[in-house]
């Protein structure tokens with residue numbers, strides 16, 4: 001057996017001999033560097049499940065028609081009326097669970113305060129996604145529906161809350177110095193660009209008394225919004241992982 005004493009053990013002996021208490025940041029850093037990245041990884045996994053699910057539906061049954069329109073040209077929620085409804089629900093729920101994990105990961109990594117606008121908006125994003133699944137899209141041609149109204153509200157909350165959340169979370173220039181946070185910022189600009197098209201169509205429809213959903217290729221625009229939002233979740237998940245590791249390293253260096 002080697003007589004060499006590990007450096008960590010010598011440090012503990014020296015600390016005990018000097019009568020001072022060990023710095024708890026060392027233990028927190030060691031534990032955090034192992035356990036915390038799981039939250040960011042879950043966020044990325046949820047986003048990947050959503051992307052694969054929706055892209056898979058578009059590729060396999062997207063050419064099917066529902067109410068006279070191809071599914072891939074319609075809103076994503078139309079898949080709830082197809083044979084792939086379970087895939088749609090799984091994709092949205094996966095994204096919701098992953099986004100909830102993202103909030104935990106950002107908070108525990110010290111990148112997001114619990115009581116902040118960013119945290120509230122991310123929570124609203126999760127609630128909106130759950131509402132989309134709990135209250136399916138309604139066929140308004142058959143008349144009004146409270147469930148359909150809730151679905152529309154949930155979709156609006158989800159669409160608007162995540163880009164606003166990204167703006168609040170990574171708005172500081174020093175935060176965007178991180179590649180992952182910077183990527184989330186630029187991806188968010190893509191989200192806002194597609195949202196501008198959607199809002200513009202709605203306003204035009206209101207002024208011109210026209211069907212706003214026919215003014216733009218709604219299915220394509222919605223997929224653009226969702227695609228950039230999902231990519232933003234991935235970027236923030238990577239940021240949560242790297243942010244925690246960086247803070248753990250800093251704690252060890254400054255202890």
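Yeah, the Cβs are placed from backbone N, Cα and C, and that goes for glycine too.
Feature annotations, reproduced from TrEMBL:
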- 38-57: transmembrane segment (TRANSMEM)
- 86-107: transmembrane segment (TRANSMEM)
- 119-138: transmembrane segment (TRANSMEM)
- 150-170: transmembrane segment (TRANSMEM)
- 182-204: transmembrane segment (TRANSMEM)
- 224-241: transmembrane segment (TRANSMEM)
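Listed by sequence, the residues of this chain that lie at least six past the ends of the transmembrane segment (150-170) yet keep a Cβ under 8 A from its Cβ atoms are 77, 99, 106, 111-112, 116-118, 121-122, 124-125, 127-132, 134-138, 176, 181-182, 184-185, 187-188, 191-192, 195, 198, 225, 229, 232-233, 236, 239. Looking at 38-57, 119-138, 182-204, 224-241, the range that has the most CB pairs within less than 8 A of the transmembrane segment (86-107) turns out to be 38-57. A contact between the transmembrane segment (224-241) and the transmembrane segment (119-138) is absent, since fewer than 3 of their C-beta pairs, 6 or more residues apart, lie under 8 Å. Sequence-distant contacts of the transmembrane segment (119-138) (same chain, six or more residues past either end, CB-CB distance under 8 Å): 75, 77-78, 80-81, 89, 92-93, 95-96, 99-100, 102-103, 106-107, 112-113, 145, 147-151, 153-159, 161-162, 164-165, 168-169.
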